[in-house]
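Peer 1: Taken from Swiss-Prot, the feature region 'Disordered' covers 1-37. Residues or ranges marked as phosphoserine by Swiss-Prot on the basis of similarity to another entry: Ser13, Ser304. Residues annotated as compositional bias 'Basic residues' in Swiss-Prot: 18-31. Swiss-Prot lists Lys39, Lys224, Lys226, Lys286, Lys366, Lys386, Lys393, Lys399 with the feature SUMO2 cross-link. The N6-acetyllysine annotation in Swiss-Prot covers Lys136, Lys286, Lys294, Lys366, Lys373 and is backed by similarity to another entry. Here Swiss-Prot flags His245 as tele-methylhistidine, drawing on similarity to another entry. What Swiss-Prot lists as SUMO1 cross-link is Lys294, and the listing cites similarity to another entry.
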Amino acid sequence: MSHRKFSAPRHGSLGFLPRKRSSRHRGKVKSFPKDDPSKPVHLTAFLGYKAGMTHIVREVDRPGSKVNKKEVVVAVTIVETPPMVVVGIVGYVETPRGLRTFKTVFAEHISDECKRRFYKNWHKSKKKAFTKYCKKWQDEDGKKQLEKDFSSMKKYCQVIRVIAHTQMRLLPLRQKKAHLMEIQVNGGTVAEKLDWARERLEQQVPVNQVFGQDEMIDVIGVTKGKGYKGVTSRWHTKKLPRKTHRGLRKVACIGARHPARVAFSVARAGQKGYHHRTEINKKIYKIGQGYLIKDGKLIKNNASTDYDLSDKSINPLGGFVHYGEVTNDFVMLKGCVVGTKKRVLTLRKSLLVQTKRRALEKIDLKFIDTTSKFGHGRFQTMEEKKAFMGPLKKDRIAKEEGA
């Protein structure tokens, strides 16, 4: 009779326990890049929203490789990144127990989409958040106190972070409540960081001031949820033989009689997906500009390249499936990223010093695919589709009726 072999390596990693639903929807930055005072003052992270995927064609610049100077097709993810608004500054002091908050200063004017984050039910609330606080900026005593806070932050703080929020009204999403996060300011002295942050209070910060072309970044987010799953799907254990009594997709032995407990390391059924994950080393292929009005005309050609001069936007025909149209600035990342469409993602500067040739390679895009992602798309633009299909019957009837 056939039987399975008696020894086998364990299935599934224990490094990600507990496999339960994430307590937060927005990816948390657990460590920021190391500060270098010799560099200019800059932010180290940004928030974006996953729109969807497409593919590009590029020429490889890797001397000595078989694919050098040849065209390759690469899958890419589009993350929409409208400008973030700075609404606060936080100063931290280093203590033997780690960083401790020293002072927090908020801006005078804070938008409703940011205030919504401080309420469970905005509709039923009195909407009074920050009404007393903003008066600090208006009377003389309050201004003196704020100046005192800023001077003490310059004197005692070692780390400066800004509080920034996303602009939900610019996105094709139903959610009105903005996502809020602390972003560490690196580079320069503490005084320079604080002055930089004060200048940008209530100002918009675009993504191209944080990241650059061809940069390697980390993506932090919550994965796509799969619900309650069995042990075979969740841990990828081997299915039992066909004639097994009471089921095949199970673990036959969950441990010895004593100790009279099931060990934590034994694969069991439970929650799969919606886990907090950090993926490192995602290369930026392109930082695209959103739609803009120039000389009274709407400019959309943010998917054109030096080789493909057709006037087209990054949006595929019909928009990104389950997302809509990307009208703001966007970041094009190599490969896939965690989460479902519309999921908020935290983009962070890399913690590592990049030395590999692949990381430092210059990306030269030849073509960006904009065919429909719903079915087998074959047309890059609506003009191309109309030219191929010819006039529609309804258009012809309307023309005849008009005549």
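Backbone N, Cα and C define each Cβ position, glycine as well.
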Peer 1: Just give me the nearest neighbour of Lys386 (SUMO2 cross-link) among the recorded positions Lys226, Ser304, Lys399, Cα to Cα.
Peer 2: Lys399
Peer 1: List which of the recorded positions Lys136, Lys224, Lys226, Lys294, Ser304, Lys373 have their Cα within 10 Å of the Cα of Lys399 (SUMO2 cross-link), in sequence order.
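Peer 2: Final answer: none.
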Peer 1: Within 10 Å of each Cβ, count the other Cβ atoms and name the one among the recorded positions Lys226, Lys366, Lys373, Lys386 with the highest count.
Peer 2: Lys373
Peer 1: Would you mind sorting out which of Lys226, His245, Lys286, Lys366 (the recorded positions) have a C-alpha within 10 A of the one on Ser304 (phosphoserine)?
Peer 2: Lys366
Peer 1: Please name the residue among the modified residues Ser13, Ser304 whose C-beta has the most neighbouring C-beta atoms within 10 angstroms.
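Peer 2: The most densely surrounded of these modified residues is Ser304.
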Peer 1: Identify which of the recorded sites Lys39, Lys393 has its Cβ surrounded by the largest number of other Cβ atoms within 10 Å, counting every protein chain shown.
Peer 2: Lys39
Peer 1: Going by DSSP, how much of the region 'Disordered' (1-37) is helix, how much is strand and how much is coil, in residues?
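Peer 2: Per-class counts: 0 helix, 0 strand, 37 coil.
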Peer 1: Sorry to bug you, but what's the C-alpha spacing from Lys373 (N6-acetyllysine) to Lys366 (SUMO2 cross-link), rounded to the closest Å?
Peer 2: 20
Peer 1: To the nearest whole angstrom, state the Cα distance for the pair Lys226 (SUMO2 cross-link) and Lys294 (SUMO1 cross-link).
Peer 2: 45
Peer 1: Select one residue from Lys136, Lys224, His245, Lys286, Lys294: among these recorded positions, choose the one with the most other Cβ atoms within 10 Å of its Cβ.
Peer 2: Lys286
Peer 1: Say you check the Cα of Ser13 (phosphoserine) against those of the modified residues Lys136, His245, Lys373; which is nearest?
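Peer 2: For Ser13 (phosphoserine), the closest Cα among Lys136, His245, Lys373 is found at His245.
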Peer 1: Note down the number of other Cβ atoms within 10 Å of the Cβ of Lys399 (SUMO2 cross-link), including every protein chain shown.
Peer 2: 10
